[in-house]
Amino acid sequence: MGVKWLLVVLQISVVSRLLLCSEAQQKKTYIVHMDKAAKPEAFSDHLEWYSSVVRSVVSTGMDDVGAESGSSGRIMYAYKTAFHGVAARLDEEEARRLEREEGVLRVFPEVVYRLHTTRSPMFLGLGAADSTSEWGMKAGDGEVIVGVLDTGIWPESESFNDTGLPPVPGHWRGACETGRAFEKRHCNKKIVGARVFYRGYEAATGKINEQDEFKSPRDQDGHGTHTAATVAGSPVPGANLLGYAPGTARGMAINARVAAYKVCWTGGCFSSDILSAVDQAVADGVNVLSISLGGGVASYYRDLLSIATFGAMEMGVFVSCSAGNSGPDPISLTNVSPWVTTVGASTMDRDFPATVKLGTGTVLTGVSLYKGVRNLSPSRQYPLVYLGSNSSNPEPNSLCLDGTLNPKLVAGKIVICDRGISPRVQKGQVVKDAGGIGMILANTAVNGEELVADAHLLPAVSIGEKAGMAIKRYVLENPKATATMSFLGTRLGIRPSPIVASFSSRGPNFLSLDVLKPDVVAPGVNILAAWTGQLSPSGLATDHRRLKFNILSGTSMSCPHVSGVAALLKSKHPEWSPAAIKSALMTTAYIHDNTKSPLRDAATGEPSTAYDHGAGHINPVRAIHPGLIYDIQPQDYFDFLCQQHLSKDDLKIFAKTSNRTCRPPSRASPHPGELNYPALSALLFPQKSNSFPTATLHRTVTNVGTANSTYRARVSPFNGATIQVVPPTLQFTRLNQKLSYKVVFTSKSRQPGPEFGHLLWTDGDHRVRSPVVITWPILI
């Protein structure tokens, strides 16, 4: 009997342990946003209060609340600068109870974000590193610090050499955190700070395996090193990737400083870590934040990155974010908040051509970064095979996925692989493992004619959809089809350029049609920059090459171009607000390529629109002297949020203190389109009467050009509406003078889609161009 009871007790004990484990496993990370102004006087500081509030809802018998004590406590981070509150481990019931507590504004569940140049400085007109132009080194150029939220940094890269730089700016309050393979000596006058943020990541995925991953600021992935070097890399002569893109590699702002905030790990980038990094970066004293990552689009008050960057903007920090790589689908943008600069991607006038010569003598051009010992003779033809059943619908075999290629069918042959599903370079590895001697990577309809070069592991050429269709038809109709490939190195002066990248995410901004997004485009295709010494250029485990530089594509690459140019503008105009810098970038952007034709969309070959390129392609040389700027103060952005139908509690998320409230309509914009944005988006809603719909938008410009100047307005024609600018002339008599105008839109005939054009203010020396979009929304 005693034995039976002992067994029962043991069973109960085991079940209890399993239940407790189950409960622990059910805990998730939540970000708790607190009303800082609501702290009771009984608490000596905010963290003590935050901890008390969390402790009040924690189930009895569970682990201690803790306070920034790592994974052993409930509270993992305390946010104190750009955001106020904590990140804590809670179960769903605790999170629900916590949201009802006094002083708690909102409880957000953890969100996972994903990571979304020798030629580009010259292409952007910044000149050589030793240029004597306006962009040459001047007092103050080294005072700007750019915080890069990414995968860390590889400090040994020559791009982070600090020779010749003055002492670290006095306003810097950051730190150089140490860890595996990263010591204090790895920070210098270029890398002024480095921090790691992993508590949210570990809470969701388990402890980081420090044998496989650096639990330190050291960059294992390469993405962070590449973006940091693009922002502010020191000049490195003789840089190249396997001989491609040779020249002097340099960042946009060669004298700016870099602070690396490692928030991304092998399993992703978690919102609690990102939020803590933004909060810490602002406290550390960064002037610019470069964030090449994104998640899904959520309402402003539910988007943690949006909330955090609002706080950064309030503190005078310029924030640049990547638009995303989900193009060419419409409404595919991320990071659409008006207080951040959202950056799309475009090409440069540099290419890496390679050719495919078919047995028929037809020559088709593509791109490649292949450089290896296994070369194909251009004078010889090799068997060519395509394992798809037709030329238009990709299949597992035609996609060259792992385990799908039969060596008996591909050995000794060039294999045609359709692009999609798996990484581009990995397809070449699959072909190589199956005995293939080369690969032709064919775009499908999703990618169109856009070509991205890769450092392949076997002879390989990427070709556009049309060329791919032609080659596949040739193979399907000819069982003895043959081909060969040639690699032509680096070519400059490519025309037309720039072109909007097909992968670059597109507008409109469905959260607020009144605010045009993206803001601008910048180089983001085939960008050469510094690379980690831990990973091959292809990123494949089977690739044992280790190189100092790599070529990558994505809006992740275009974002740091804008961050670096913003750092340059900040150094020249330290008094400018983040909105003023964005305005200078937008109103001086260009919308024609080097053939003087409208910018094209790589996805269609047709002219791109403001939903694709925003205000246009950045022009740093003109941005330094924009003539006029559209400035926006934090309260203006808050008034914009007041027009978003948010509740009082939602607005408190951005208010942070009880002092920030919605201004009455007489002092604030009556609707979101009235935000003093450098772009105009008019919504012409249908009227119930027979009268034509109208819209009036007001703007205020600040003179930063010539004291005595007269600007006259010009508006491009529209089919569906007439536009009147009142007044049509602005007469300035001093610098920093502000003048206002209004634009009246009157519908003539409803158009089936949006119309695009521009408003141009010019005084003969400056051209201040704002994109204009007119939309006829459908009322449901």
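Just so you know, glycine gets a Cβ as well, placed from its N, Cα and C.
All TrEMBL annotations are machine predictions without curation.
According to TrEMBL:
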- Asp150: active site, charge relay system (ACT_SITE)
- His223: active site, charge relay system (ACT_SITE)
- Ser556: active site, charge relay system (ACT_SITE)
- 29-116: domain 'Inhibitor I9' (DOMAIN)
- 143-600: domain 'Peptidase S8/S53' (DOMAIN)
- 381-471: domain 'PA' (DOMAIN)
- 674-774: domain 'Subtilisin-like protease fibronectin type-III' (DOMAIN)
- 1-24: signal peptide (SIGNAL)
Rounded to a whole angstrom, what is the C-alpha distance between Asp150 (active site, charge relay system) and His223 (active site, charge relay system)? 7
To what whole number does the mean pLDDT across the domain 'PA' (381-471) round? 92
Across the domain 'Subtilisin-like protease fibronectin type-III' (674-774), DSSP labelling yields 1 helix, 57 strand, 43 coil
In the chain carrying Ser556 (active site, charge relay system), residues 6 or more apart in sequence that have Cβ under 8 angstroms from it: Leu115, His116, His223, Thr227, Ser292, Leu293, Ser322, Asn325, Gly524
Cβ atoms near Asp150 (active site, charge relay system) (within 10 Å, other residues, all chains): 29
Counts by DSSP class (helix H/G/I, strand E/B, coil) across the domain 'PA' (381-471): 21 helix, 21 strand, 49 coil
